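> These came from Swiss-Prot, pasted as-is:
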- 13-33: transmembrane segment (TRANSMEM)
- 46-66: transmembrane segment (TRANSMEM)
- 73-93: transmembrane segment (TRANSMEM)
- 101-121: transmembrane segment (TRANSMEM)
- 146-166: transmembrane segment (TRANSMEM)
- 234-254: transmembrane segment (TRANSMEM)
- 263-283: transmembrane segment (TRANSMEM)
- 295-315: transmembrane segment (TRANSMEM)
Amino acid sequence: MIFSILEHILTHISFSVVSIVLTIYFLTLLVNLDEIIGFFDSSDKGIIITFFCITGLLFTRWIYSGHFPLSNLYESLIFLSWSFSIIHMVSYFNKKQQNHLNAITAPSAIFIQGFATSGLLNKMPQSAILVPALQSQWLMMHVSMMILGYGALLCGSLLSIALLVITFRKVGPTFWKKNIKKKFLLNELFSFDVLYYINERNSILLQQNINFSFSRNYYRYQLIQQLDFWSFRIISLGFIFLTVGILSGAVWANETWGSYWNWDPKETWAFITWTIFAIYLHIKTNRNVRDINSAIVASIGFLLIWICYFGVNLLGIGLHSYGSFTSN
C-alpha cells in the first residue's frame, strides 16, 4: 500500500514538473524571459528534478514488484521518458557550447509520460507477476538496452528533422526571391529609371541590412551545425545500445526458444531499424555527402522506431506481444 501511494505521488510530481518545464520553455521562446528572470535555467533544473522523481518511481516499482520494471508497455514508456531526461541532463552539464537539446527532450518527456499515465493505459500501471518467458536475468539487459537505444535514436532523429525544417525553410524563400528578381529584371530591362532606383535603394539600405543579414545567416549556420553535431553523436550512441539490445535478445531467445533468430515481427522491424541507422552512420562517414541526405535517412528511421516499438503492441501478435494493448 505504501509503495503504491509513493509511486502515485512520484508519478504526479514528475509529470507536473515536466509540464511546468515545457510551459516555461515555450514562454522563453515567445518573450525571451530567460534574459529577464533566468527561467531558462529553471527549466533545466526542473528536468533534473523530474529525472530523480522518475528514478524513484522505477526503483519503487522494482522493489514492490520484485523484478526490473520493464515487463509491459507502461513501464517501458516510463523508462523511455527517463532516458530522455538523461539526455537532457547531459546537455545541461555540457557548458562548453550552447545546444538546443532541451527543445527536443522536454516535450518528448512530457508527451511520453503523459501517454503512459493517461486513461488509455489504465490497466497497465498495476504491477503483475512475470510470465515464465520473462523470468530471466536477460530481461534487464535486453529490454533496457533496447529502450535506451529507442530514446537516443528518437532524440537524434528529431534533431535531424529539425535540421531539415531549418534547411528547407532557408532554401525556399531564397529560391522564390531569386525567381521574382529575375522576372522583375527581365520585364524592366530597358527601364533606366527603375535601374537607377534600385541602385539608389541598395546603396541606402546596404549598410543597414548587412550586419543583420550576416548575423542572421551566421546564427542559422551555427544552429544547423549544432543540430548535425548532436544528432550524429546521439544516434551513434543509440545505435550502440540498439546493437547490444538485439544481440542480447538473440542470446536470450536461444535460451528460451532454442533459436537465435525467428523473424518475429518485432525482430524483423528491429533489424530494419538497425539497417536504416547503419546506413545513416555510413553516409556520415562520407564527407562528400551533404548533411541533408543523412538527415532524411534519420527521419525515416524516426518512423521505423515507432513502428518497431508500438507495432507489435498494437497488433498483439508474435513472441514479443507481452504487455500489448490487446492483451489487456
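Going from the start of the chain as shown, residues are counted 1 onward.
Placement of Cβ uses the backbone N, Cα and C atoms for every residue, glycine included.
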> Contact between the transmembrane segment (146-166) and the transmembrane segment (295-315) is defined here as three or more C-beta pairs under 8 Å separated by at least 6 residues; is that satisfied?
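Answer yes, regions in contact.
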> Could you give the residue numbers and ranges of same-chain residues that sit at least 6 residues beyond the transmembrane segment (46-66) on either side and whose C-beta is under 8 angstroms from one of its C-beta atoms?
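Sequence-remote neighbours of the transmembrane segment (46-66) are 3-4, 6-7, 10-11, 13-14, 17-18, 20-21, 24, 75, 78-79, 81-82, 85-86, 88-89, 92, 102, 105-106, 109, 113, 127-128.
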